[in-house]
Every structure is written in C-alpha cells, then in structure tokens.
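Annotated features in TrEMBL:
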DOMAIN    B:128-413  domain 'NADH:quinone oxidoreductase/Mrp antiporter transmembrane'
TRANSMEM  B:6-23  transmembrane segment
TRANSMEM  B:69-97  transmembrane segment
TRANSMEM  B:162-185  transmembrane segment
TRANSMEM  B:205-231  transmembrane segment
TRANSMEM  B:238-258  transmembrane segment
TRANSMEM  B:278-297  transmembrane segment
TRANSMEM  B:304-324  transmembrane segment
TRANSMEM  B:330-349  transmembrane segment
TRANSMEM  B:370-390  transmembrane segment
TRANSMEM  B:410-435  transmembrane segment
TRANSMEM  B:460-480  transmembrane segment
Amino acid sequence: MEFLVSSAVAVLTSCGVYLILRQRTFPVILGLSLLSYAVNIFLFSTGRLVQNLPAILDKYGEGIYTDPLPQALVLTAIVISFGMTALVVMIALSAYLTSETDKIDMTETTDEGDSA
Amino acid sequence: MSNLIIAPVVLPAVLAPFILMVIRHHLDLQRIFSMAGSIALVCISLVLTHQASGGEIQVYELGDWPAPFGIVLVLDRLSALMVLLTSVLGLCVNLYVISTDWDKRGEHFHPLFQFQLMGVCGAFLTGDAFNLFVFFEVLLIASYGLMIHGGGADRLRAGMQYVVYNLLGSTLFLFALGTIYAVTGTLNMADLAVRIAELPADDTALIRVGAVLLLLVFCIKAAVLPLHFWLPGSYANAPAPVAALFAIMTKVGAYSILRMYTLVFGPELALSAGLVGQWLLPAALLTLAVGMVGILGSRDISKLAVFAAIGSMGTLLIAIALFTPLATGAAIYYIVHSTLATAMIFLVSDLIIERRGKEIKPAPRMAQNGLISALFFVAAIALAGMPPLSGFLGKLMVLQASTGTPHQTLIWSVILIFSLVAIIGFARAGSLIFWKTTDPMEDLDLEEVQVAPLQTQGTVMVFVPIFALLFGLVALTIFAEQAIEYANATAEQLFDTSAYIDAVLGETAK
C-alpha cells in the first residue's frame, strides 16, 4: 500500500507540474487540480497508513485508532481547493473572453515582459 | 482570557457578509459601514497593542479547547504591532478608495476589502501552522477578487498569473505542513517548538526538508528574489489602492519567516542552525539589488512603485536573515516603515496615473503638480532611506546590526550602493514626470484628454490618506526612541521562546 500511495502522489505531482508548465489556461487548471489531489493524498498519508481502523478515539475499545487529524486537514484542504478551482476557472474564462487569448504569459501585451 | 483578541478576525468576518448581502445596492451605506469597520479595527488594535506592550503573552483558545488540541490565537508584541499596522493601512486605503471612487469601478469592493483585512489579521494572530495556511487562503481569495477589481484584459490576465502562482504556493505550503506533521504529529507552533527540540539528532532529515519547503512558501509570499517574479506583473496591473493594501501582504511572508524561524526552527537549535540565514541572506541581498535597479530601469510609474516595494523587502529580509535580537529589532522597525512608505508610493503613483497616464515621459503639466511632486519626493526619500525620514534610521539600524557578522562588508556595500542607485532612479523618474512637462498648447489632442479627469480629481479628500501615511512616517522618526524600544522589546520576546511556549501550553501542562 505504501508503494501505491507514494507512486500515486509522485505521478499526480509530476503530471500536475508538467501541465502547469504548458502556459495555457486549461492545462494549467487541470494541472492545479492534479496537484491538489496529490497534496490531499500526501496529507492523508502523513498520519501513517493503516487499514480497517476507526479514525476516532474509542474510549472502551482496544485503543488502536488511526490519526484523525490528517483527515480533518485533508477535508479543509479539499474545500479550499474546490473553491480555488472554481475561482480560477471563472477568472480564466473572463480573461479569455476579454483578451481572446488563453496564454498565461503576458509577452504579447506588455512590451517589457516580467522584468529582471 | 480576553475575548478582544479574536475581534480583529470576527469584526471584518461579520461585516463583509453583511455588506455583501444586506446593503449590496447602496454604495453610500457600504462606504459608511466599511469605514466604521476600519475605524473600529484601528481602535481594537490600539487596545490590543497597549495590552501587549507590557510584555505579557495572551492566548485565546477557540471553543475553549486547550492548546495542542484546539486552535489558539496568540497575542504578543509582534502580532499586536502587525495587526495595528494592518488596521492603520486598511483605514488609509479605505479612505483613499472612497475619495477617488475606486469602489465604483467594479462591484463588491468593500466586502472583499473586509475579508482581506480578516485574513491578514488572522494570519498575524494565529498560533497554529495549519490555521496560518487557512488564513493565508482567506487573504489570498480576497486578494484575487481585489486584484481583478475593475476588470480590463491586462488586469484579468495578470490576475490569472497571480492566482495560478499563489495556488502553486498554497500547494507547496500543504506539502510542507504535511511533512512537518508526519515527523512531529502536531501543528501547533508552541507544541512544534517543544517537539522539534526533542527530536533525536540523527533523525532530522525529513524535518529539515519540511523547514526548507516552508521557507520557500514564505519567500514566495515575501517576494524574495528567485521567487519574486509574480509580483511586478500582478501589482503593477492591480488597482493602485489595492496594491497599496497589498504592501502588508508581502509583510505577512516576512512575519511568518520571523515567527516560524525564531520559535519553531530557532537559530540555536542544532537541526536548523544556519539552515535559514545561509539561504535567506544572499537572496535578500539580491532582492534589494534587483528592486533598486528596477526603480532605475522602469519605464512606467506603477512598475517603479512595484520595484520600490521589492527593494524595501530586500532590506527588511537582510535584517531578518541575520537572526540576532538586534537585527530582528531593526527588522521590526523597518517593517512598519516600509509598509507605510510602500503604501504611500502606490497611492501617489495612482494620483499621477489618474492625471497623466502610466508612462514616465514628458507630458503636459497636471493639476496639483506641486503638491503631488512634493509627496512623490517624500515617498522617494522614505523608500531610498535618506536622512530626514524613518527609512534612514531603519537602514542605519540594519547596518549597525550587521557589524561584526562575517558578511559585514558585503551587506554594507550592497545596501549603500543600491541606496544610491535608488536615489538616481527616483530622481530620474521624478524629473521626467514633474519637470520635463510639455506645453499643452503644442498638442491640442493631449489637452482635451487631460482636462476632463482634472476636474473630477480635484478633491482634497484624496490627499488625506496620503498625508496620514506621511504623518505615520514622520511620527516613526520623531518618536524613534520609543519605536525602537518597542521593536527591541519585541525582538527580545521573539527570541525568548520559553515564555511563548509557557503561555500557550502552560495551562495544559498544569
């Protein structure tokens, strides 16, 4: 399972980074989503990987449980990344509609580029 | 436990939805409530700073959960000062926005503005690393909205870059937090400090990776050199008053570096000794150099302001990178100065842009040429660190703090040489804008274009917030002794981590 989870994080991260470097809005948004999946899986695994254990402290049970905190962290991160994805789609759409290009870099409109 | 600590977060958080949902269609009401909120925030933060100045660290436990399990807000001298700075800056920017009608150019300015204040105040007050991430996101979401306020193709495309880059930064932040959590099992800063100090010496590889990742994230926020390239495009295209408000956002990065790398990854810990300063110092020197050269090289006034902001971050980060109490005191003094000065140059540049366009080139004389040129001159003096104003004192303190360190010659020469470059840059821009004016009669087309906005822009109110910022700079110079005392006391408190840890974890330990 460790191999599966870590390779999933690796594959998602590398695909995400590749897509972000494409410099067109749609691949970049896809890449950001993949990256956020990768980070969610990564966060999920930070509490150690275990199987078939409850995520809460069972007062009367055996006392074996999986760490609930990463799940709370992942939940927050998922909510935030959903909101961010929706926002970035809206901004990308309006940027595309007003400037009629979906390139991320701004060399066409500004004469000096990004400086330094 | 005083409930006032959470007020800087709750007040804007309540006000923003109220403005958005109830009084959305009444701009005057929106302005009244937004101003009232800003004034109230200044009052609250004054009280908080007064409470914190005694040196006592106050802790607010959300939901009354004890520290390592629940989320805490911590008020010490540094966070109180930063909240005060945020609220004062917020008030000035709000006043400027209202008096120039910037809030009419797009919808929902005031709710976004309040959410931005909430995020910034929360980031300064929180005592929990994950909560820091959440408040970063709050302030970023609001800043995305503010950044594209008013629209326009260029602004939207720059906003797109800004959003994508910051989303990448957030992802990196989560990776860093995950790594740190995997090693220590906690994200409360005080608890982290305790556990990291107890880590066995041969088991520190992973936590070092986490520390460096975290530093990268904060450096992105603080626009340190190799990671600064999001800033010129986005701030130069953002509405100028919004860019002035963003002056505090780079400081959030600087604040986070100060907080995390004195408390959690302290300079005296074996695992993090030299880990941060070693990388941060050259980057800070380069940031200063690029910022000041950028001032000299920029061809439009908003880029000039942007590079001035980057340059002042460079000086600030040099002071932070030294990680001695003396240098940290200098850094804290310089944070206040550079925030006010940066905000001022953005507001002044907005006045110039409204009257004669972005580009630094000869153009017809604009209205209130004398007053605006004087303000530009003062802002330039402040940012270049010339004698009468607090920038000079701040720079002097940084130089003083670096004496005796191994890189003294390098730091001194970089700061002094690039101050000169900045002065030349400002002088060039100022003389082109204010002295080399063309005769309007020569070019009738230009005159028609220029005359129309002049009449609408003649209000005195526009200058009030700029003079308020200037007043802040002057006060910082006149009351330098008290300010430096407070800064040094703050630095002392930062390096005395046991007091912080006791305040946060004390009640649980009992």
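Cβ coordinates come from backbone N, Cα and C, glycine included.
Counting same-chain residues at least six beyond the ends of the transmembrane segment (B:410-435), those with a Cβ under 8 angstroms from any Cβ of the stretch are 281, 285, 288-289, 291-293, 295-298, 301, 304, 308, 311, 315, 318, 352, 356, 360-362, 369, 372-373, 376-377, 380, 383-386, 395, 398-399, 402. Ranking B:6-23, B:205-231, B:238-258, B:304-324 by CB pairs under 8 A with the transmembrane segment (B:69-97) puts B:238-258 at the top. Contact between the transmembrane segment (B:304-324) and the transmembrane segment (B:238-258) holds: at least three of their C-beta pairs are under 8 Å, each pair 6 or more apart in sequence. If you count C-beta pairs under 8 angstroms between the transmembrane segment (B:330-349) and each of B:205-231, B:238-258, B:278-297, B:370-390, B:460-480, the highest count goes to B:238-258.
With respect to Cβ pairs under 8 Å, the transmembrane segment (B:278-297) is most closely packed against B:205-231, considering the stretches B:205-231, B:238-258, B:460-480.
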